[in-house]
Structure formats: structure tokens, C-alpha cells
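Novice: Mind looking over this structure? Questions follow.
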């Protein structure tokens, strides 16, 4: 077929799009895409291949690192390395985690302050409402999928006697856990919030109470005859003797009481609340807040340039992180049997949410193909799998969305830090599913009210799960306590949590990224008004000019892709 015939075919099929049904339009769109792909392959040259490799170098290196890391780990497992040797082997991966965590604190503060300051209160309120609705809807859907999967597959049938326990889980009263969540939203010391979180500790104290009893068993305080009574003929000495017969018994017992305490780690929730409020105040100061806006915008730009340097080391770190985790696992057989069914259930649930629900939401809102978008997030997703922390992945997520996919920086600066802190779809799904699995292995039948309680508690607890490794295990105590399930049974699933934690972190990061794209699409009107009215300096340049440059760069990248 000649190029003229190909063009004629494309033009005629385009005219028919308005007359045929959506199914036929989809079929013709796929045919056009296949034809364009065939034409690109026919005209491909070595220069095109090199350009593709340069443009996708990060992704190719990261995927290769995962494959090499898994292969290397299984090749070294027969040598049975000691724990010390494994730690030495994993050291390059530890360095990557430390580099990324180093950037999280200034990135959260600078991006949120700049994002809030660049929008007026009305626009911020609308975007915040859209973000809250998106977070709530996706989290509820994730919890529903988790409950549905564990109910259908029923991985907990059988007995828990065959399951191996690992570690210990600290029991935390539900009320104290939620109060700690609220306390952490308002840290009394911002400097301390950079490295500590409030956490209720528990101590025991001895309580002593006096119990008064009488020899004849009468109640304390019962009426006694006066010291001397002529009527009953008793003497003063006799009455004193009777009074001495009253016994005082001292009872002592231990009582557990909550006391203020702390835990190491960034109080991300408190910093998010402060940064949002501080950014809104700076935005309301108009011209007077210009210096502060310049400062935080320059800080954000400097952090992103550091990310651009560290990102080249990411494939090496991911390789050793994944290989080290596989080497640490003593018995790979725990992935089979009853825990194997549990693992499969979690994987199926996460796949349904991340592979079907989130892309469907993206398609319904934006009317665009979600899979090229997910492909653009591939490096952030692989980094999430390697680091097992949505907060540590945040710098890479910013880079993928802003530079790779061209999402508006005013949206990413607002949505991503908040999402990495409170939007945990994968964690919510996992907690609901794991709670019902523990009920199943205990042969405990849950009624509709208890399942509803698990749904609500898992949704709320996922907000309190900071973006740190295995935080879901801690918040799951809240879910189990809410329906009276034994919290010590969490140790039954710790053996596979290192693997599932990586998958749910990938789901969390994808949910935040799609949320940014969805909110950007819904907020186009507010963004255009802000672009016309507001000038936000960025390294001495007007924000409007910066946005124009970014759009031009995005069009340039799109042109290069079409050339392929």
C-alpha cells in the first residue's frame, strides 16, 4: 500500500468515526494505531533507535536492574550468606534509600508551600475538594475489592496451626492510635517534627486502695452505738473494743496508663498541614509574600536538580535492594501453601485496583488512553517496588510527572505530597483483606456489621499509615482491635509482608500519580485563570513564562515520539 493510499484510508476512517458506534470506533482506532506502527517500523533508522534509547535510558536501566537483582539473588541463595554478609551486600541499596529520604523533607515543604502560594484560596479550595473526593472514592473502592477477593477466594480456610509466626506486634488501643494521628497533625515543635512523631507509650503504676471491713461483716459506715449509752447498759470500754474490731485491708494492683512518647521518623502529616496553611497565607499576602514565594520556589527547583543527579544511581540501588531482600528470606517455601493463597489473593486484589480501576477512572475523566501514562510512570513504580516507601519515591514521582508527562507543576506540588501522606489505596486494600484472612484462619464468622466496621476502620487507618516501609502492619492493629480479632495473629503474615509491601507501595504511587492527572484535567479552568492573572517567580522568571517553556518542551518531546 502506497503512502497516498494509507493517508486516504486514515482520512476516510476518520470521517466515519462520528457515525458508527463506540465499539467500531475503538476497532478502527486500533487499526490506525497498528498502521502507524507498521509505517514507523518500515522507516526506522539507527538514529531513531539511538534516540529511543537515550529518551528511555532511565526506564531501561531500572527494568534491567530489577531483572539482574532477582537473578543475582537466586544465584547467591545456595551459598547461604550470613546476615552480616547480606547487609554488606545490600549496602549500595541502603545508600539509595538514604539519598531519597534526605530529599523528602525539603521536597514536601517547598513543593506544598509553592503550590499553595501560587493559587488563590478559591482555586485551592476546589482542587482540595476534588483531591479529597478522589482519595476517598479510590480508597473505598480498594477496601471493597480487598473484602470481595478474600471472601470469594477464601484463603484462610483450614487451620492456623500450620502457619509460622514471626516477630512481635505491639498492641495499641484504637482510641489512642486515632488521637495520635490528630496530635501529629499539629506538632508543637516544627524542628522536632522533622525527625520525630508523637506516639503514645504505656507504663505501669501501682495503685493502692484501702478497703474497710468489720469483724461481723457489717458494711463500712454502718451505725455504731455511742461510746456510752445508759439505755443499752454498755460501757465506754466495751464500745472501744468493738470499734477496734474494724479491719483495714490494703489492696494493691498494677494499672497501665498512657504517657506521652515519640517515635523516630519524619512527622509528614504535621509538616503537610503546616506547609499547606503557610502556603495559603503567603498566597494571600500578594506582593508582600513575593520574597518567600521566590525562596521556596528556588528551593524546590534546587531539590529537583538534585533528584536529576541521584536518579542515575537509582538502578544500582534498586538492584541491591531487591537482591538483598530476597537473600534475607530464610525459607522461600512460605510463599506456597496457605500463605501462598493469601499472597495470591492480595496480588489479584492489587492488580484489579491498579490495573483496571485506576486506569478506568483516568479514562472516564480525561478520555485518554491510560496505559501510555502508566508507561511514563514506570521508573517511579519500579523505584517504589525497590524502596518499599511512597515517601522515598516522591522525588522520582515528581520527575516522572512534571518532566516526563508534562503535568502542571502547580498540581503536582499540591497533590503529590498530600497523596504520599494520606492516600494509601494499596494499604487500605491490604488491611481489609488481611483482617478477614485472620478471621478465617481462626474460624471466626464475621457478620455484615463487623465487615462494615473493618471497611470504615481500614479506610481511616490507611490515612494514618505514613509512607514508610511496613507501616501497614502497625495500623492493622487498629483494624483487628475494632472487631475483636487477636492482634498477635499479625505475626502469621509477616513472612510474606516484605513482598506484598512492595506491591501495595506501587499501587499507592500509581494512585497518587493518576490522581494528579485527574485533578489537573478537572482544574483546567482554574489553572488557565491563574496563568493569566498570577505571576510566580521561578529562579527570577515569571511563572507564566516558565509554563510556556515547559509546554514547548512537552510538545518537543511529543514530536520526537511521533518521529519514532
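Count begins at 1; order follows the chain as displayed.
Each residue, glycine too, has its Cβ placed from N, Cα and C.
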Novice: When you get a sec, could you say which of 216-246, 371-401 is annotated intramembrane segment by Swiss-Prot?
Specialist: 371-401
Novice: Among 28-48, 133-153, 154-174, where does Swiss-Prot put the label transmembrane segment?
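Specialist: Swiss-Prot lists transmembrane segment for residues 133-153.
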Novice: Which is it, of 190-211, 498-519, that Swiss-Prot names as transmembrane segment?
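Specialist: My reading of Swiss-Prot: the transmembrane segment range is 498-519.
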Novice: Report, as numbers and ranges, every residue of the chain located at least six residues beyond the transmembrane segment (498-519) whose Cβ falls under 8 Å of a Cβ in that stretch; write 'none' if there are none.
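Specialist: Distant Cβ neighbours of the transmembrane segment (498-519) are 127, 130-131, 134-135, 138, 142, 325, 328-329, 335, 343, 346-347, 350, 353-354, 358-359, 361-362, 365-366, 370, 373-374, 377, 380-381, 384-390, 393, 397, 400-401, 405, 407, 411-412, 415-416, 419-420, 423-427, 429-430, 467, 469-470, 472.
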Novice: Applying the under-8 angstroms CB criterion, which one of 133-153, 262-285, 295-322, 344-365, 411-437 scores highest with the transmembrane segment (56-76)?
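Specialist: That would be 295-322.
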Novice: For the transmembrane segment (411-437), I need the partner stretch with the highest count of C-beta pairs below 8 angstroms, choosing only from 133-153, 262-285, 295-322, 344-365.
Specialist: 133-153
Novice: So if I exclude everything within five residues of the ends of the intramembrane segment (371-401), which remaining residues of that chain have a CB under 8 angstroms from its CBs? That is, six or more out.
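Specialist: Contacts of the intramembrane segment (371-401) (Cβ under 8 Å, skipping residues fewer than 6 from its ends): 58-59, 62-63, 65-66, 93, 96-97, 100-101, 103-104, 107-108, 111, 266, 268, 303-304, 307-308, 310-311, 314, 317-318, 321-322, 359, 362, 407, 412, 416-417, 420-421, 424, 466-470, 498, 501-503, 505-506, 508-510, 512-514, 516-517.
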Novice: Mean pLDDT over the topological domain 'Cytoplasmic' (1-55): what is the value?
Specialist: 65
